Amino acid sequence: MFHCIIILYSTRVDQKVFSWTQHTKSLILSAFFWGYLIMNLPAAMIGRRYNNQMLLAMSMTLTVALSLATPMLVVAFNWPVLVLIRFLQGLTQAFTMPMIHGISAKWAPPNERGRLVGFVLGGLQFGTVITLVGSGLLASTRSGWPSIYYTSGAFGIFWVILWLIFGSESPDTHRLITRSERNYIKLSLTQTVSEKKNLITPWKEIFTSMPVWAVTISHAGHNCGFWLLLSEMPTFISSVLKFDIKSDGFVSALPYLAMWLCQFPVTYFADYMNKKNVTSLTFSRKFWNTLGMSGGALGLMVLGYMGENANAAICMYVFVVAIGCCTNVGFNINHLDLAPNYAGILMGFTNAVAALGGVLAPTVCGFIVHDQTSVDEWRVVFTLGAVILFFSSIFYIVFGSAEVQSWNEPRNENVGVRSFMQMKTDYGSSSKYTSSSSSFGKLS
């Protein structure tokens, strides 16, 4: 994604420059999410049948290969091939979150799940910071924008090697873990990991559950706002605020650095309040989700009316992205509350629907913004993003819940040819992760 953003507005005279329209740029940026949308749920199901460590390594290897081939292919065939590459990378990257989710299920003690979410998702923001800053610097060198793809590809290969050496799908197969740590993890999961096999996925109950749809709507709304900022703010900064590409890389990274730093205390504090029974689980999920999404909606509205005041706009940009970290202990972890036995399939489903946000954000922006220097046109984009975030927040308040759903207790059957459609246990139920209230909640 970040590589595409740089190539879209790179202006070096000694590298080939592509005079693409805003609509073409938006098409390129959204192509990734079409592949991501299509493959997310199938990837989650495949992950239940094959080694998650190897699937994650294969996914990254294919993504790296496509990245390394991008400069040569784009120069030869122009933007259509870049759309295809981004689509294929969406297919391969769709394995990432389901595999991480599946691996985390075997490594995370129940009382540490909130903090695990903060730590794992912190890698996403930290990677965003490094890539936004590094891409701007690399694009300004003599090698130009192609060096971004080659450098990121080299780092990707390095990561795959480290992952295959030091990573593991579970504590049982890790070569370096101590016996005491392995025993601690396994003992902490004895009451939460079900031993049942051949579980039939209750598709009807999942698709008709309002709490599941509350998570899904929040996930999609959050993604729409997040990817709107990630994919379009660099264009806004360079076209309206008049920052050059090198400064733009640093400025664009500031919000994600703030988000990375803020989410650690947020997730730790939320876990602490729940553990001490200061807040019910339902209240905690809704409170933090509302803070993250409604706060972001307010910030987007204000951002749309700041005009060309660069300093104020950048500060608000940082605020909108940083406060989104609160959703990591809102909808982002709610899958584990609703149906511990089917947390993986719920993540695959909501993540697939949420990919629509990544598709729609740059596409809609391309239809609205015809003059990239027009503050009025960008105001429409920001207002629309704010409305989506606010509606998603309200929907979650009304229909969200942290109670374990009745359909979490599955039938244990042998279904023959339907076995591929089954979702075997991700998590077992635990009374400590239920909530006594399905309303907005109250202090207890």
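Keep in mind that glycine also has a Cβ here, set from the backbone N, Cα and C atoms.
Here is what TrEMBL says about this protein:
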type	residues	note
DOMAIN	1-404	domain 'Major facilitator superfamily (MFS) profile'
TRANSMEM	27-47	transmembrane segment
TRANSMEM	54-77	transmembrane segment
TRANSMEM	116-141	transmembrane segment
TRANSMEM	147-166	transmembrane segment
TRANSMEM	249-266	transmembrane segment
TRANSMEM	287-305	transmembrane segment
TRANSMEM	311-331	transmembrane segment
TRANSMEM	343-369	transmembrane segment
TRANSMEM	381-399	transmembrane segment
Average the per-residue pLDDT over the domain 'Major facilitator superfamily (MFS) profile' (1-404) and send me the rounded value.
83
Considering only Cβ pairs within less than 8 angstroms, which of the stretches 27-47, 287-305, 311-331 has the most against the transmembrane segment (116-141)?
311-331
Check the transmembrane segment (287-305) against the transmembrane segment (54-77) for contact, please; criterion is three or more CB pairs under 8 Å, pairs 6 or more apart in sequence.
no
With pairs restricted to those 6 or more apart in sequence, evaluate whether the transmembrane segment (147-166) and the transmembrane segment (249-266) have 3+ C-beta pairs under 8 Å.
no
Which one, 27-47, 54-77, 249-266, 381-399, has the most C-beta pairs under 8 Å toward the transmembrane segment (343-369)?
27-47
